[in-house]
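Residues annotated as domain 'ZP' in TrEMBL: 1-40. For 109-144, 208-242, 309-343, 411-441, 513-547, 548-582, the entry in TrEMBL reads repeat 'PPR'.
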Amino acid sequence: MFRFQVACKGRLFAECLLEKCTRNRLYSNVVSCVQVSPNGIKRIGREIDLEILFESCNKIRLAKCLHAFLIVSGKAQNVVVSTKLVNHYARMGEIYLSRRTFDFIQSKNVFAWNSMMSSYVRNGCYRDAVNCLYKMLMTADVRPDFYTFPTVLKACGNLIDGSQIHTWVFKMGFQWDMFIASALVHMYCKFGLFRVAREIFSGMTYRDKGCWNAIISGLCQNGSAVEALEILDKMRMEGIAMDPVTVSTILSVCAVIDDFSRGCLIHLYAIKHGLEFDLFVGNALINMYAKFGLLGNAQKVFDLMEERDLVSWNSLIAAYEQNYNPDTALNLCREMQLHDMEPDFLTLVSLASSVAQTKDSQNSGSLHAFILKRCWIQQHVAIGNAVVDMYSKLGIMDSALKVFEALPLKDLISWNTMITGYAQNGFASEAIEVYSMLEKCEDIIPNEATWVSVLPAYAHVGSLRGGTKIHAHTVKAGFNVDVFVGTSLIDLYGKCGRLKDAMSLFYEVPRRNPIPWNAVISCHAIHGHGETSLQLFKDMLDEGVNPDHVSFVSLLSACSHSGLVSQGQWCFDMMHKYGIKPSLKHYGCMVDLLGRAGHLDKAYNFIKSMPVQPDASIWGALLGACRIHGNVELGNLASNRLFEVDSENVGYYVLLSNIYANVGKWEGVDQVRSLARDRGLRKTPGWSSMEIDNKVEVFYTGNQSHPQCEDIYNELEILTDKIKSLGYVPDYSFVLQDVEEDEKQHILTSHSERLAIAYGIISTPPKTTIRIFKNLRVCGDCHNATKLISKITEREIIVRDSNRFHHFKDGNCSCGDYW
């Protein structure tokens, strides 16, 4: 029979047998204590061993049986026994039964009250613990003791409760108790009141290790790393040794303040005192070495750990992900699962970033499905933000938007991630629209990260009015001098044609790192002020700021726009001095520099000598130079290479088509256009925009739908006649269609920038500056015509095309006809 039950019922039988044995143990323990006298009266033979009973009743059913027995036997009337039952239920997670038992205790002593508060804290019911203290103070005959306040202070969820409890501590004279003072220090640190915490800490006559750890940990968690290290030094001077809590806390501080030397010394201390194998210390060491980019050291610490928990795995996975080693991070996740360790939502946050770094669109869907299956997006907003960020970095903005809209709760990070995703993928208008939606959310206030995300979008579309509103917000919030916000504002004003404003902001922000320098150099570059960019670069070096790889991209671009070939070569050679290895962007700038200057053979030979494989940007730069200088043969070679590496960019087909059109090879034009059509590619239509009276007007080439269309074309006819009297001759080489000459002239005068200029002239007062933004490059004929229009109208006309700025004034252009 026994064998049959074991075989058939398995685990169920084992559990029943265990429960039966426990009941028998309870029964035998009770029966042995009950004896019957000759006259039939029952009496207790010996005292019941309650310790054994409580240890045996480790399931809720048995605990209830024990509770019933204690009531029947009268033992429940003993406050000590009932309090043990309160604690017993709490340890089993049955806080409701714990409270019910507590309520039935008639004469509650301070031990009973303390046990109930501790039970609440143990089960995460912090508000109930505080309310329990208030009830004790208001209704009970007993008063708190030394054990009451440390527990409840830990449960304080706001400063009001903490201050009130501190008042009671002072009123009862407990402020000198070491444990209570430590709890007060920790509580005030939690709420950021370091001055009060330091006063209490300084007034303590004796401090144990826990008290030192409380103040150090509190300061660290609230960003006061330097003060935490000062406290640590005092602790060491008083001869108190660091324990695992101290070591793990200080290691995190070393990473925050970038103090690698101290971190190494703390690691040596941990080894010397046998703490390096502690789980928390090991996890802290992994995080510290990861912050310093020393992945080998982090891996060694992980490999030597005798015990690893999920935090250990997450720390190492995050280390590889944050140091741009996504493949290892993904492999570690697989290895973690082989060790029967299931990933949590923090693991998935790191994995989402790793998938984005690998540009693996297929795995992104699998990861998203894994998260959806566990409903983690609904439970953790951080997971939802990570998925939105993953899709954004992969350029899959439709999926990013769907996840964003489905988030049950959107925090500021959610909005910032969506804005950044749109801005970085070239959807500037969409980024601005999302920001406008955020402004309508009363419960979420934009911060500096929001403004840094959306300002590039305003700069991209040339919306100076919208950008200045953001500028006003940053000034009001006091973030206009923040290096990242300030740099974004410099970029905005520079790209909106306000170089003087950009320079004024540049001198207001901290300039200890290359970020603001790069922005202001780039601004002067797109305005064609190459010499100024070079001087700014020299000023940066004079101030002791070392350039980074972005500095040289900005500088080489400045030299390219201004035709400074020898200076550009000097800058390229200087990169090695600062230990910067040229990337494809730097090589692309050099090809563009040589090609624009007409050194096409040098540019081609430079490409052949590159130690890396040329990408589309390299061949595209050469093809663009062939378009400027009309080199059909080299243009064909460049386009063939280009279509091998990027056959989906319609702009390259347009460039090649233009090369053929310039030399009248219309058969070649038809072939290239046919090839683009066969691949489903369409040319981007040219448009120009301008902002007048707080309204953005957009003009497309050949557009005739504007309400003032007739006035615009009449003005163009008048302007054309006037500039012809100054020697203007239409350059039909910029008409890329095989049509009659009359039609060619109409096509030229219908270009979007000319429509915008004419509208600006009839819509603004005389001599007012006209600002235009064009999505494509300005054609040579429009460039010549605009120079003459600026002269006859006595206006400054500023045009920002896809490549740079053109300031037309008095018949001249700031580019010096070199673009």
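Every residue, even glycine, has its Cβ placed from backbone N, Cα and C.
Outside the repeat 'PPR' (548-582) by six or more residues, the chain places 514, 517-518, 521-522, 524-526, 528-531, 533-534, 537, 540, 589-590, 592-594, 596-597, 599, 803-804, 815-816, 818-819 with a CB less than 8 A from a CB of the stretch. Over the repeat 'PPR' (109-144) the predicted model carries a mean pLDDT of 88. Summarised by DSSP class, the composition of the repeat 'PPR' (513-547) is 26 helix, 0 strand, 9 coil. Shown for the repeat 'PPR' (208-242): DSSP residue counts in helix, strand and coil, namely 26 helix, 0 strand, 9 coil. Helix, strand and coil residue tallies for the repeat 'PPR' (309-343), in that order: 26 helix, 0 strand, 9 coil [DSSP].
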